[in-house]
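Annotated active site, nucleophile per TrEMBL: D142, in sequence order. Here TrEMBL flags Y197 as substrate binding site. According to TrEMBL, the feature compositional bias 'Basic and acidic residues' maps to 64-73, 404-413. Feature annotation from TrEMBL assigns domain 'Pseudouridine synthase I TruA alpha/beta' to 235-338. The region 'Disordered' annotation in TrEMBL covers 45-73, 398-421.
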Amino acid sequence: MFKARPLLSALVNHRQRLERNGGFYKLFCMMSEGSVDQQPAKLMKRANEENEDSTEKVQTTKRVKTDEAHTEDEKKYPKKKVVLLMAYSGKGYYGMQRNPGNTQFRTIEDDLVTALVKSGCIPENHGDEMKKMSFQRCARTDKGVSAAGQVVSLKVRMIEDIIEKINENLPPQIRVLGLKRVTQGFNSKNNCDARTYSYMLPTVAFSQKDYDTGNISAFRLDPETLQRVNRLFSLYKGTHNFHNFTSQKAPSDPSARRYITEMSCGEPFICSDCEFAVITVRGQSFMLHQIRKMIGLVIAVIKGYAKEAVMERSWGQEKVDVPKAPGLGLVLERVHFDRYNKRFGGDGLHERLEWDREEEAIMAFKKSHIYPTIVETECQEGSMVSWMSTLPIHDFEATAAGTRDNKDPKQDNADEGNDSD
């Protein structure tokens, strides 16, 4: 009896030791299992970190190599300030000036910048920020307007055969025809003294308002009417307040005053069985739509919709309804740098910004791309005839009270000094 108690106590103590050891074993197993589960995660994390480090090293190496390549390009082809002489047909384009981030409305500069990057003239990142290449154009030609002598200034790498390589990446209706070195501070817009435009139109535009425009090929402009047309155009010469010939300009705005040196219509000629004529206008600068409105008002007077006195009245303080002729026939012919040529043209380092040697190429481009486009589009679509049918809705006798001082400042800033039509 007394011997059984120690035995029973020993058995109980042994069982408790086993349970304690078993619990410790289970706890150890649970900890070990947790460690086993965490070990692959740690390994994967370490592998990802090593991959990230490796990727970053590769990217850094690529950047270094790219920077080295750019540095080598800069050494081999240093950047120089130049001007490019450009010619283009504006049909299908929304004007000259680029609108970064807006691919819906293609402009001439969109295609030009793409060609500059592809040819290696400018780094790729300069295409997104044109200020990096000090880019400036002489005139922001409007939608559909063409150019035979547009000039842009910018900094480029002077690669070999630069003009040929740029043109290889341009569509046929845009060409770079010339290149010249200029001073570092040159700005094609600010250094431009004057701009010459032409406007090609069917002479039926000068017919009387009761003429049957269904047969425009039969119309011929008589010498007396042409003489009167040129007399009216000569009234524009000098300095006038052209606030009625653009949008959102108050008559008190000094930027509305523009200086015109020449405006006349040349002798008519036959093209595709229709008679055409070319109007030439030269001025210090032009506002948005100014030339088209100058031509539109003279057409309205010749056709008998408006009296000649409306021209004088349009330069006054009151608001006058001035019609805007179609943009199809408008061409930027050339830009002039008389002051720059006088100061730097004979210094022995820089060339005069004149393009006599490129004149043949300019004329060839106009005959191949500009004139045929104007004639064919006019004959097929009849833009001038369609526009003439809107002249009766204009009220040339009415005047508006006020001076339009409450204008939209954003629009005013867009128009001011824009040298565009």
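Positions of Cβ are set from backbone N, Cα and C atoms, glycine also.
A straight line from the CA of Y197 (substrate binding site) to the CA of the residue listed as 'active site, nucleophile' spans 13 Å. Mean predicted confidence for the domain 'Pseudouridine synthase I TruA alpha/beta' (235-338): the pLDDT average there is 96. According to DSSP, the secondary structure content of the domain 'Pseudouridine synthase I TruA alpha/beta' (235-338) in residues is 27 helix, 34 strand, 43 coil. Around the Cβ of D142 (active site, nucleophile), a 10 Å sphere holds 21 further Cβ atoms from the protein chains shown.
Cβ-based neighbour count (10 Å, all protein chains) for the residue listed as 'substrate binding site' stands at 24.
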